[in-house]
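According to TrEMBL:
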TRANSMEM  A:6-24  transmembrane segment
TRANSMEM  A:31-52  transmembrane segment
TRANSMEM  A:58-81  transmembrane segment
TRANSMEM  A:88-109  transmembrane segment
TRANSMEM  A:135-154  transmembrane segment
TRANSMEM  A:219-246  transmembrane segment
TRANSMEM  A:266-287  transmembrane segment
């Protein structure tokens, strides 16, 4: 039971890192991407390669993974971010499809559908990780570091410039801000942070294959950000917990086993639809309802019911 | 040397020629008002100068280099800043953040204390110091106008292009605005102002450029422009004082 909870905790931590890093793009830079699983995957493969061929040092493998994934997202961002928002969504789907194909077909590097197996247990500062609880601790530490970094980033001049663009792109440009440079930087950082999750995953499961980094999962990460509430620090955390833990909770409902799958999916899907109807600003905005009312917001106003 | 030298500027949208030919040289350290009937191409001219629109022909020389073809952010960094008629504040941000974000470098992880001090000084200057932590969307109309000004005053700017900064201001706010403009001028800045209210134009301008159908009909001192009956007829005869339809 402890192992089950620890494993769920690791997956949750990974989801929080992925959703929070994507939130930098979606919530702060205003870039909607359905390709975040690619950077998660590139990170996982890069870490796996390092672990299999060079060293079992988690820190080193993660550093390489972040660099490679950051570089890939940079190379994607420079040409593609020149297009307008809605086109970028479509372009990101295309990128996800291309990446999935590469994960599956580039046998020499990725091992194809069979993936890369036999990744050694992670070593952190001389400490060899073996039990799920140890991985949970590692995940928690990484998650806190990533969240702290994002918190510093969004409060920094860089984060403020991103928010300025989100509020009014024309005005931000007129004040001398470079939209392309800011967006490329946000995308690169976001990709590098997603690689942290990829590295944890590779060491934890000791096996990577393309099935973990599909378009489906990219959509789920985006759903976490939106359901939780884009543009806040708490939003993606709440969204990641909801998306990851909700199916686990549904397991506890008593029903004949052949109905479990479909019923779970129906409840899951319907609750997402209902959430978007009633709380379009995300689950994390619910607490605002409990505070004394502020003047009605000019735009959106989804929390005012 | 002129603070800004506009030569033979032309802009058409499809077959519709908005600016057939504008030639205008701004004298440094003076406040020039751009007046003219609705649809004369005033805001379009701002967009052409600041890189938001690319002219079909002509040049805009500033400190020896041609601005045509530069991006808006490059033009701003060279020392020309504009304000918008519809303000375009960062509504979700506080007054302080609106001004702070304008002047600080984007690629920095820590906010510099000097930037904060500079921001506070600018807010003090425009009379928004006590609204420092109010969100922009919660400000009154006049306060929003002054925040719009504060944002570009925080930049290192020589030439201010202000699109109807005083429209809708009441008496006391107008006085404050007038004093602000005067202080910009005293510091040696050049100002190009779009303004419909002729009382304000008369009060603040050193020069007036009269724009009609995308051409500069007259460029002179306020006394001479207001004495020219043909121009006043054209101004009041063509349009009363409706809001300008064009925008960025």
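Glycine is treated like the rest: Cβ placed from N, Cα and C.
Per-stretch counts of Cβ pairs under 8 Å to the transmembrane segment (A:219-246) identify A:6-24 as the leading one among A:6-24, A:31-52, A:58-81, A:266-287. Within its own chain, the transmembrane segment (A:135-154) has Cβ neighbours under 8 Å at 6, 9-10, 13-14, 16-17, 20-21, 23-24, 28, 58, 62, 122, 124, 129, 162-163, 189, 193, 196, 200, 203-204, 233, 237, counting only residues six or more beyond its boundaries. Here the transmembrane segment (A:88-109) lies next to the transmembrane segment (A:31-52) in space: the count of CB pairs under 8 Å, restricted to residues six or more apart, reaches at least 3. Same-chain residues lying 6+ beyond the ends of the transmembrane segment (A:266-287) with a Cβ under 8 Å from its Cβ atoms: 223, 226-230, 232, 234-235, 237-239, 242, 246-247, 250, 300, 302-303, 305.
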